[in-house]
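Asker: To start, I am sharing the structure in question, which I have written as structure tokens.
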Amino acid sequence: MSRVVLAMSGGVDSSVAAHLLLRDGHEVIGVFMRHGEASAAACRIDSDEPQNTNPLNLPVLGDSAGGKRADHKQGCCSATDAADARRVAMSMGIPFYSLDLQEDFRKIVDYFVDDYLAARTPNPCVKCNHWIKFGRLFDYADGVDAEFVATGHYARMVHSNGRSELHRGLDGHKDQSYALFGIDPARLSRMMLPVGDFTKPEIREMATSLGLGVSDKKDSQEICFVTQGHHSDFVKSRRPEMVGATAGEIVTTGGKVVGEHKGFEAFTIGQRKRLGVAMGEPHFVIRIEPDTRRVVIGRAEELLRPGLVADQCNWFVTREELADAQSVGIQIRYNGQPHPGHVVMDGSDPTRMKVMFDDPQAAVAPGQAAVVYDGERVLGGGWITHAIDHIADGSPPPA
């Protein structure tokens, strides 16, 4: 029997994951990671945690509400979520602890804000998985001598012949493997993803049959900490000194000024809605120029790019294994599909790669992840620095 630290969010996926781990005979420790930005007191829950189960000396939240469920509306790990997670853990008889990771999560928020202010499109979920869910949680697991860390992600771990591979989840509509590419390769052998072998309807049905009380709970939103308004409003609230500093012109690809905008952080490559100009036919954001503060718009065909360059690459395979992959596809957005193409690691720096698609792809957005698949298997990926505008324009920029 293995000891497993399970990230419990209070949602249906991690709740059923707890059941599946227990069913398979594991010793489960449930951990709720408190990293939202409402007051810590709003999310305090019962914990009789002995001192030796908190080796990192992270703040452990006690109970200030008499154990009653409170409905604190917060997009990320709310008090309601904490209460739901605790209730599920108690019903299954597993120990449950809440760790205050607000300080760690602030760097996720800062990254999100800084990327938009640099005219990139961030993906905070990927960073959170890397830094917190499969970062800090592993630190905690090491401290309690847990062999594995588990979550409710819709992806699959394939452990065989001494190898550990990350694969797509069985439910193609819910697959989250894209958001896991940044995990330390050395940790794959200690990861467990119990719900990845099921579809979402199957997980909800299982939760109902188990009487968990969270079977009809809504899925979490894409940007968990932006709970109201547009993301640009959140960016301005975090960097009020930048209000007005990113305003500029909206121009066509031909250079014609057609309008003005209040801040380029409100835009992303491929965006069609909320452009603030009427062109008579559909126009999209083609590129954002932070130096001139211009937002360049054009027709759909002007979005197409033959390739991209990425850095900060993380690989689960060797250079030779990448070269030998038979059906490589590159996914460039969370809800997208892999596109066939050719991937080349930088000759001197494996943390950089060039991708050339078999067919040009639309909306290659700097700041987003480019994740490389061989069929169902995740080979690795990196962060898009820029799109390649022409076939000949393929060399990675100088370091």
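Backbone N, Cα and C atoms are what each Cβ position is placed from, and that goes for glycine too.
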Asker: According to Swiss-Prot, Ala7, Met8, Ser9, Gly10, Gly11, Val12, Asp13, Ser14, Gly152 bind ATP; identify which of Met33, Met191 is listed for that same site.
Answerer: Met33
Asker: If you compare CA-to-CA distances from Asp13 (ATP binding site) to each of the recorded positions His153, Cys224, Gln368, which comes out shortest?
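Answerer: Checked the recorded positions His153, Cys224, Gln368; minimum Cα distance to Asp13 (ATP binding site) goes to His153.
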Asker: I want to verify one value. Collapsing DSSP to three states, which class is Gln368 (site 'Interaction with tRNA')?
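Answerer: In three-state terms, Gln368 (site 'Interaction with tRNA') counts as coil.
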Asker: State the Cα to Cα distance, in Å, between Gln368 (site 'Interaction with tRNA') and Cys128 (disulfide bond), rounded to an integer.
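Answerer: Pair distance, Cα basis, whole Å: 14 Å.
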Asker: Compare the Cα of Gly11 (ATP binding site) against each of the recorded positions Cys128, His153, Cys224 and report the nearest.
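Answerer: Result for Gly11 (ATP binding site): the nearest of the recorded positions is His153.
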